[in-house]
Structure formats: structure tokens, C-alpha cells
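In what follows, a structure is listed as C-alpha cells, so that the remarks can point back to it.
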């Protein structure tokens with residue numbers, strides 16, 4: 001059994017480090033992890049879930065706004081992307097945040113094609129992150145079920 | 001022959017005659033015998049009879065006479081020789097004794113007569129003494145009356161009662177028919193009938209005061225008999241009485257307080273008299289006796305004294321009432337003044353806030369406007385607006401500061417700061433203007449000047465800025481030097497002796513300029529509000545003239561002194577001030593780091609129970625911020641909109657974190673609205689911290705102008721948040737969390 005836990009823990013550590021190195025997550029995510037304690041054991045999961053819901057909502061809003069060809073409400077897109085940027089920086093979704101900045105610029109310059117393209121990328125990116133984080137959480141669950149402790153990963 | 005030895009009576013015996021003689025002789029004898037017996041008896045009884053032996057003689061004489069007469073009884077008939085012999089012997093003895101007695105009486109009778117005279121004399125004397133006894137008793141009675149009268153008079157301090165009682169008692173004591181008192185009128189030219197004994201409602205009857213009879217009475221302190229027909233004595237219609245009783249009048253001095261000098265008996269200084277007129281009953285043929293007159297005089301004096309006592313009492317009561325009224329009035333005035341001051345303070349507080357809020361809004365919005373796209377003319381206009389409103393804001397602050405200073409309600413905000421840095425900052429601020437005017441400024445800091453001091457940094461800077469600014473303003477050429485040193489004693493002002501105590505020292509700053517100088521006569525006026533020496537050259541410079549006044553008050557608050565020395569017009573002047581500063585315990589040796597950093601020791605390591613409010617429209621970041629704060633132990637309430645924030649915020653929340661990421665000013669306005677909400681209880685207002693994504697200077701300025709107490713860069717790390725909360729709660733202001 002020990003081996004299994006150790007294995008799982010090693011897997012966990014490696015995966016986490018890779019996420020950071022690939023730029024999916026940044027320091028803010030570490031900070032979030034710090035806030036998880038006995039009082040709020042699922043803090044990170046809750047925040048992340050909320051973030052993804054937000055993402056979905058905002059992206060669909062923006063998509064809808066951009067669909068109104070000829071009468072695109074760039075202000076709405078702008079404010080949505082602003083929100084998304086804020087959310088992504090709060091959770092430490094680095095790539096998403098970067099894309100949001102690009103999207104904002106496109107929006108400010110009312111670059112329709114740019115916006116559409118960026119939005120697509122944002123969509124892909126957030127879904128990827130969601131999948132990866134899901135894997136991470138599964139790993140955590142496995143470790144806990146095996147009776148082990150979730151290791152502290154220092155980046 | 002028998003020779004009859006009987007002696008034959010001479011004439012023939014007549015039987016009846018003989019008989020009568022016989023009986024008479026018999027009775028005489030008895031009488032003659034009983035008289036001495038009586039005499040002896042009564043003399044024995046009385047002890048004092050001095051002439052006893054005279055009596056004895058007399059007795060003997062009478063006895064012998066009696067014996068003679070008794071023996072005579074036997075001679076009416078024939079009687080023997082023995083009888084004749086006895087008779088003869090008796091007669092001879094009687095003759096001897098009677099002659100002796102007669103001779104004696106010659107001596108004695110004058111004595112006896114003189115006794116009688118003396119007796120008469122003594123009786124007269126006794127009668128006289130009796131009379132005098134009677135007189136004395138009367139006098140004593142009178143004295144008793146006087147005492148009682150005085151007692152009655154003095155037992156009351158009411159003027160009216162005194163006078164009434166006097167009249168009543170006098171009337172009773174002396175059995176007067178009428179008694180009246182005339183008082184001088186206010187003008188002093190007439191006497192008015194004020195009180196009478198019998199008449200209850202005297203007619204308002206006046207007589208002029210200059211009548212001879214009145215002058216006569218007023219001229220002497222004795223009671224004077226006046227004619228019953230004089231105007232003062234004619235009180236009621238003469239109703240056919242034969243003879244009016246004798247009238248006496250006496251003056252009653254009316255004494256004033258000022259008359260009571262110690263060595264100056266009132267008689268000499270008093271001027272006003274009242275007249276008391278006393279009338280004996282008519283048809284009584286009574287006369288005024290001396291003792292009665294004396295009684296009247298004594299009473300008059302007593303009345304005068306009693307009246308003066310009453311007057312004194314009235315005076316003191318009046319004074320006391322006056323004082324009480326004044327006290328009440330003063331109290332009222334004081335309360336009104338307090339109310340006025342409170343009203344003014346409230347007004348100032350409200351105006352302070354009311355004026356500042358729009359001011360801030362104008363400044364903030366103008367500065368925001370500056371950042372948008374503007375045409376050059378618009379930009380110029382906005383810059384002018386900004387400049388003017390800044391000026392106005394400064395002026396308002398000055399005025400409000402000054403009024404708070406005068407109130408004494410301004411308190412220094414003490415804190416630790418770097419003195420050297422302060423001077424350099426001031427110089428940096430002034431340098432641009434000085435450079436333009438080509439006035440080199442030099443700064444000399446004494447080597448023993450402590451670096452870290454405790455004091456009110458903001459106000460000290462204000463003072464130095466003001467003084468140096470003035471130096472620059474009023475100098476057209478030359479140079480300006482600023483010197484700061486530690487002073488141990490002030491030789492300039494003898495009253496103001498500075499002694500550095502343990503952890504305090506006195507900082508002296510000298511600002512010397514080579515400008516226009518000041519006329520020595522004008523120096524005292526410099527520190528008064530709104531005064532400026534009106535020379536043409538200085539007319540162009542702006543300013544309201546409040547600067548020096550405010551600086552002086554700040555200096556005074558810092559237990560210091562400020563003064564200006566000048567050698568005269570055109571010779572420049574030196575402004576010098578001393579202020580008391582504390583020496584900070586923080587080590588003054590740490591000069592390695594240029595700007596000392598606040599040591600990162602969180603003083604509040606746990607914020608358990610600290611109530612905070614988080615306002616963020618973004619759900620995710622809201623949750624993250626909440627998580628952060630909950631992890632630190634705070635009690636977090638979250639709201640997602642401005643309105644909700646305003647609704648929920650209360651004095652229980654110590655800090656409000658608000659997200660201001662969105663462009664525009666709506667979020668900033670919430671800060672203003674919170675300020676408004678807590679105008680009344682300024683000390684209960686929560687600290688306002690902005691969470692923002694960008695950190696440039698304009699954001700910071702914006703936040704400051706909207707009344708936020710701090711700005712934080714998102715995303716906030718746990719340690720950062722911990723430090724920030726610590727600092728915030730320590731110092732209530734945070735602009736370093738960038």
C-alpha cells in the first residue's frame with residue numbers, strides 16, 4: 001500500500017509541477033491552495049468550479065454578442081472580458097488571463113475578427129484547464145482514499 | 001387753860017365751798033399721783049426718751065404737789081401740829097423741787113423745741129424723698145418703656161413696621177392723643193405726612209420744609225415744644241376743644257449707608273430728617289415733663305438707627321437680588337455661548353465635509369477628465385479648473401484648520417517620521433519655483449539632528465513649507481538658506497526657556513532670505529490673520545495671508561515659539577521657529593537603507609473576529625478574497641453591488657474591501673457615499689481599501705481623492721493581506737501596499 005501512496009503522491013507532484021511549467025497555473029493558484037485548511041477543506045475546488053461556471057457564462061455572452069454581425073456590442077464584450085480577466089487572475093489561470101488581455105485589446109480596437117479568434121482560443125483554453133484540474137483533483141481523491149496525505153508542492 | 005395748838009383757819013369755814021375745795025384737792029391729789037405713775041410707766045416702755053431724769057424731777061415735783069394737796073385735805077378741819085409740820089415739809093420740798101424743775105426747764109425746753117423742729121424737718125425730708133422716689137419710679141418706668149419700645153422697633157427690619165410701632169408704643173407709653181411722622185419727599189423740599197397714630201388713612205398732606213418752626217426743630221437734637229397751631233401740628237380739624245394739648249416735635253435723622261463713618265458720628269454728616277410730632281391729650285392740663293422729653297429724644301435716636309438698619313438690609317437684599325439676576329443672566333449667556341460654539345462647531349464639521357466632498361469630486365473628476373482624450377483647448381480649460389479647485393481646496397483647508405485651531409479642538413497627529421527626509425521633500429517641492437525665480441536654496445542640517453523623530457509630520461511640513469514659501473515669495477533676488485539644529489536654550493525670549501527633557505528635544509529652524517525685508521514695526525502684525533504688508537512689490541503674490549497665522553498656531557500647539565527678525569526694509573529677514581519633538585526609539589543608526597522600510601512584524605498576527613465587508617462584482621474574485629480573509633480569521637460579509645454595499649455597511653465593519661477594477665467612477669463613488677453615511681460618527685467609519693488590478697499613480701491619486709484609506713493590488717497574496725491588515729489597523733492609512 002505504501003508504494004501505491006508514494007506512487008500516487010509522486011504522480012501528483014509531477015503533474016502539478018508540469019501544470020505550472022506549462023503555464024496553465026501561476027502563483028495565485030498556490031495562494032489559493034494556502035487558503036485551504038480544516039475549516040474550508042474544499043476551498044480550491046469550490047473556487048475553481050465557480051470560475052469555470054463563470055467562464056462558461058461569460059464566453060457564451062461574448063459569443064452571443066459577437067454573433068450580432070453588424071451590430072456588435074463591443075462594450076458588452078469588453079466588460080465581459082474584463083470580468084473574465086479578473087476571475088482568471090483570481091484563480092491563477094495564467095493562460096486564460098493572457099488570452100483575456102489579448103481579447104480585451106481586440107475589443108478595444110473593435111477588431112471583430114480578432115475578437116472572434118481570441119474568444120475561440122479562450123474557450124479551448126479554459127476547457128483544457130478544466131480537464132487538467134479535474135485530473136488533479138481525481139489524483140488527490142485517490143491519495144486520500146488510499147490513506148495518504150496530499151503532498152505540498154513547492155514550485 | 002387748854003391751849004389749842006390747832007391752827008385756826010383764817011376765814012370762817014363755808015361748808016359748801018369747803019366741800020368743793022375738799023373734793024377738788026382730793027382729785028388733784030389723785031391726778032398728781034397718777035400722772036407720774038403714768039409717766040413712769042410710759043417712760044419705762046419707751047426706750048429712747050432721753051430726758052429720764054427730767055421726768056424723775058418732774059415726777060417728784062408732781063408727787064410732792066400731790067402730797068401737798070393731799071395733806072391739805074387734813075388742814076380743812078382742825079388738825080394737829082404734826083399734820084401742819086408734814087404739810088410744811090411737803091410744801092417746802094415741793095417748792096424746792098419745783099424751783100429746781102423750773103430752772104431745769106429753762107435748759108430743756110429749747111432742746112425740746114429744737115427736737116420738734118428737727119422732727120418737722122425730717123418729716124419734710126421724708127416727704128421730699130417720697131416724691132423723688134415716685135419720680136424715680138416713674139423714670140424707671142419710662143426707661144422700661146423705652147427699652148420695650150426699642151426692642152419693638154429693633155425687632156423688625158421692615159421700615160413701615162418700625163415707624164408704626166414707634167408711634168403706637170410712644171402713644172401708649174406717654175398716653176398721647178396724637179402722634180405723627182412727617183417724612184421728607186424725594187425732592188427734599190417738602191415734608192409729607194406719612195404715619196399717624198389715630199388716623200388710619202392720613203390725607204396726603206405736605207408742608208414746605210423751610211418753615212421756621214421746622215428749622216427750629218431740625219436745628220437741635222432735643223425735643224422742642226411747638227405751638228399746637230403750627231402747620232405740622234394741625235392734623236385734624238379743630239373740633240371745638242378748649243385747649244389743645246401741648247405739642248412736642250423732635251427730629252429723626254434719616255441715615256444713609258454712607259453716613260456710617262467710624263469717627264464721624266452721623267450727626268455731622270446727615271442731611272435729611274423726618275419730623276415726629278407728639279401731642280398730649282387736649283383738655284388734660286398735662287405738661288411735658290423733662291423725663292418724657294428725654295424719652296422722646298431717645299426714641300427718636302433709636303428709630304433713626306433702626307431705620308438705617310432697615311435701609312442697610314434693604315440695600316443688601318437688593319444687591320443680592322441683583323447679583324442673583326446677574327448670575328442667572330451670566331449663566332444664560334454662558335449657555336448661549338456654549339450653544340453658539342457647539343452650533344459653530346457642528347456647522348464647521350458639516351461644512352467641512354459638505355465643502356470637501358464636492359471639492360474632492362471636482363478635483364477627482366477633473367483629474368479623470370484630464371486622462372481622457374481632449375482637444376488642446378479643452379485640456380487647458382481642464383487644467384485651469386484643476387488648478388483653481390486645488391487652490392480652493394487648500395484655502396478651505398486653511399480656513400477650517402484655523403478655526404479648529406482657534407477652538408483648540410485641533411489635535412496633533414503624532415507619528416514617527418524621518419526629519420531629514422521631510423526637509424528634503426520640502427526643498428524638492430519649493431525648488432521648481434525657486435529655480436524659476438533664480439533663488440538658490442541651501443539646506444543645512446546640524447550633525448546632531450536626530451533622524452527619526454516623533455511629531456505631527458504633516459503639520460510640521462506645512463509650517464516649514466509656509467515659511468520657506470514665504471521666503472521665496474517675498475524675495476526677488478539673492479538666496480535662501482534653511483538651517484535646522486537642535487537648540488538647548490533660547491536666549492531670545494527670557495520667558496521661554498527650553499529644556500530638553502529625556503526623550504524630547506527642541507528643533508530650531510531658521511529660514512533666512514535676502515528679500516524685501518520687513519519694517520520692524522510691522523513684525524507683530526505678521527502673525528495676525530489676513531494681514532499682509534501691502535507694498536506694491538508683494539501685491540502680485542497670491543495667498544490669503546492665513547499662512548503665518550496658522551503656522552504660528554501649529555508651532556504653539558507643538559509647544560514652541562515662532563518669530564521673525566529683520567534688519568529693516570530691503571535687508572531681508574529671518575524667520576525662526578522652535579518646536580518640541582520627541583526622539584524616536586527606533587534606532588537612528590540605521591542609515592543603510594535610503595528610505596527606511598517599515599519592519600515587517602505583523603503586530604496583529606490574528607484578526608479573529610475582525611468584521612470586514614467585501615464588495616466585488618466578480619464572483620470568483622469575491623470568493624477568493626473572502627477565502628483569504630476567512631483564513632486570517634476575519635468575519636467576512638460579501639456583497640456584489642454598490643447599493644448592497646451601502647445598505648449593508650455598518651459601524652461594525654472595521655474594513656471594507658471594494659473592487660474598483662471596472663473603469664469609470666461608479667465604484668469610487670461608493671467610497672464617497674460611505675463617507676457620507678458616517679458623517680456623524682466619523683470615528684466609527686470603516687476603513688476603505690480599494691482592490692485594483694492596476695497600480696499606477698493616477699489610480700492611487702484617484703483613490704486618495706475619493707477618500708479611500710488604502711489601495712491593494714490584485715491578486716493579493718496571503719502574506720501581503722496579512723501585512724496590509726496589520727498596517728492598516730495600526731496606522732489607519734495605507735498607501736504602500738503596492
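Heads up, the Cβ atoms here are built off N, Cα and C, so glycines get one too.
Pulled from TrEMBL, these are the features on record:
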TRANSMEM  B:20-41  transmembrane segment
TRANSMEM  B:53-72  transmembrane segment
BINDING   B:65, B:69  Cu cation binding site
TRANSMEM  B:92-113  transmembrane segment
DOMAIN    B:350-585  domain 'Histidine kinase'
BINDING   B:470, B:471, B:472, B:473, B:513, B:529, B:544, B:548  ADP binding site
DOMAIN    B:611-729  domain 'Response regulatory'
MOD_RES   B:659  4-aspartylphosphate
CROSSLNK  B:714  ubiquitin cross-link
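This view paints the features noted in TrEMBL onto the structure.
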{"residue": "B:65", "record": "Cu cation binding site", "contacts (Cβ under 8 Å, 6+ apart)": "B:28, B:32, B:94, B:98"}
{"residue": "B:69", "record": "Cu cation binding site", "contacts (Cβ under 8 Å, 6+ apart)": "B:25, B:28, B:29, B:32"}
{"residue": "B:470", "record": "ADP binding site", "contacts (Cβ under 8 Å, 6+ apart)": "B:547, B:548, B:575"}
{"residue": "B:471", "record": "ADP binding site", "contacts (Cβ under 8 Å, 6+ apart)": "B:480, B:511, B:512, B:513, B:515, B:575"}
{"residue": "B:472", "record": "ADP binding site", "contacts (Cβ under 8 Å, 6+ apart)": "B:430, B:433, B:434, B:437, B:439, B:441, B:480, B:513"}
{"residue": "B:659", "record": "4-aspartylphosphate", "contacts (Cβ under 8 Å, 6+ apart)": "B:615, B:616, B:617, B:618, B:621, B:622, B:667, B:690, B:691, B:692, B:714"}
Reported in the order helix, strand, coil, what are the DSSP residue counts of the domain 'Response regulatory' (B:611-729)?
56 helix, 25 strand, 38 coil
Three-state secondary structure, residue B:513 (ADP binding site) (per DSSP):
strand
Given the recorded positions B:473, B:714, and counting only Cβ atoms in the protein chains shown, which has the most within 10 Å of its Cβ?
B:714
Name the recorded positions, out of B:470, B:513, B:714, that lie close to chain A, meaning a Cβ-Cβ distance under 8 Å, keeping sequence order and answering 'none' if none do.
B:714
So if I draw a 10 Å sphere around the Cβ of residue B:513 (ADP binding site), how many other Cβ atoms end up inside it?
26
Residue B:548 (ADP binding site) has how many other Cβ neighbours within 10 Å of its own Cβ?
23
Over the domain 'Histidine kinase' (B:350-585), what does the predicted model average in pLDDT?
78
